[in-house]
Amino acid sequence: MRSDRIKKGFERAPHRSLLRATGLNDGDFEKPFIGIANSHIDIIPGHYYLQEYGRIAKDEIRKAGGVPFEFNTIGVDDGIAMGHEGMKYSLPSRELIADSIETVMNAHQLDALVCIPNCDKIVPGMLMGALRVNVPTVFVSGGPMKAGHLHDGTPIDLNTAFEAVGKRAQGQLTDAELYEIECQACPSGGSCSGMFTANSMNVLCEAMGVALPGNGTVLALTPEREALVRRAARRAVEIAADERFKLRNIANRDAIHNAMVVDMAMGGSSNTVLHMLAISREAGAPLSLRDIEEIAGKVAHIAKIAPSLATVHMEDIHRAGGVPAVLREAARRGGSVREGALTVTGETVGERIRDARTADPELIRPLENAYSPVGGLAVLFGNLAAEGAVVKTAGIQPSMRRFTGAAICFDSQDEAIAGIMGGKVKPGHFVVIRYEGPKGGPGMQEMLSPTSLIMGMGLGESVALVTDGRFSGATRGACVGHVSPEAAEGGVIGLVQDGDRITIDVEARALTVDVPDAELARRREGFRPKRRDPGSSWLRRYAHLVTNAANGAVLRSTDL
């Protein structure tokens, strides 16, 4: 066992002495040492109860013949960090989480790992760190929260609350109506109830085979979720000494392909593209945006979940058959799903989905009745995004799939929010928010506040938005993000001027600004990208090391 390096031989007597101080005895030194990476944190609704799941996992590991060692990571709630300078820390937290997993696991030479994440950057951060460690690993998330409901039974979620702010600003909601939404949108613990970033990533873990069936859709704080935690912990002990289940053997190229298939079939958050680019690099099977676009062209969009379809939430998809049913339906298009991929249970993906059935063909549609013959995410290219940009096509109104508008430019999210609230943004505008990329922000803030204001103020079918920042999984509308190169590295988005005509064409996979090359070259003369001092040594280091969104916003490992 790997842990023999800290517990076997006379020269390890000091190490064993320290371990005995934690309660270990002679018999424990013959057992596998299992790490539990828990992301319990009180301020996040999807994480405040994970301490109990950690306790359950430790109990099950002991019963199964292992020795558990729990440790914690940090976590950032993107919803609470939204719309102020706190959002600059969200994406960078992914790197801290990955580094902390690598540090604890390798410093103590633990044999296997159980990861208990749930929300936003915590899932990809744990995956990235666990892939570096490359021991047998099982993921089990905290699970999605229930959908909220208004007094008349209308289902709502966190996105409803964000869009309600725009409606209140327009006088379309009373304070009492806004208060009801505030109090009912998030009715329980768990990751926010739609196909937002957290649930998208937990679904992708299941599709990759690094988590057990049900990981993406079983509700939080239910007996079914607790049973999933117990099974995951026992499985970690069972596979601790089996090299077949080292994480890179499970999360390989085929598994990453299957994750993107489910992402396209379910119209996941655009953040998944950013994270899967980074995860694939740690797995040694790097994806490119071109690869992702190729997968999107071969996978039908068969399930719509909030925010794309406001009445459907994760609990509904679970009742309809969950991720196995989505994979089984997607597999009917020959070659779409890599069915031979091994999962952490020891089954192949094909074996896992063989008996899956769709209980509601309106929630998980057959290929013949798909929402679209291609995936719910798209990668766009053009003179405004030479290295690529990403749009969640599942959330775009049909009338906005091809749109040309006059640019109205803002050099920060705060400027954009003030401009939208102040009435500067009119029908026919193409809002440009720049200097919000990984380097320029720094931190690549999510633009949920401005996009929700646009929707809430009734501009969703007459205004588009483009940014080198990113979006919450709750964003919907004609919103293009991840523009690369970003403004801070001299991208064309930094050269756009008010009034320039910008076109998004989803079918053509194009994002262009109607400015001649000669004029762009003239504007570039003397152009100096703006530089912001974030006032933080960590964010300064991050801005110096981070790559752009087309590269997954990973940190360079050289040029320190």
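Here the Cβ of each residue, glycine as well, is placed from N, Cα and C on the backbone.
For D78 (Mg(2+) binding site), applying a Cβ distance below 8 Å and a minimum sequence separation of six or more within one chain yields M87, S90, C119, D120, K121, T197, E446, S472. Positions annotated as Mg(2+) binding site by Swiss-Prot, on the basis of sequence analysis: D78, D120, K121, E446.
In the three-state DSSP scheme, C119 ([2Fe-2S] cluster binding site) falls into the coil class. The feature [2Fe-2S] cluster binding site is assigned by Swiss-Prot to C119, C192.
Positions annotated as N6-carboxylysine by Swiss-Prot, on the basis of sequence analysis: K121.
Following the DSSP three-state reduction, the secondary structure of S472 (active site, proton acceptor) is coil. Cβ-based neighbour count (10 Å, all protein chains) for S472 (active site, proton acceptor) stands at 28. What Swiss-Prot records for S472 is active site, proton acceptor, and it gives sequence analysis as the kind of evidence.
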Same-chain neighbours of the Mg(2+) site, Cβ within 8 Å of the mean position of the Cβ atoms of D78, D120, K121, E446 and not counting those residues, run in sequence order as V76, D77, A81, M87, S90, L91, C119, T197, N271, S472
Counting only residues 6+ away in sequence within the same chain, which have a CB under 8 Å from the CB of C192 ([2Fe-2S] cluster binding site)? P45, G46, G79, C119, P144, M145, D157, L158, N159, C186, A198, N199, A474
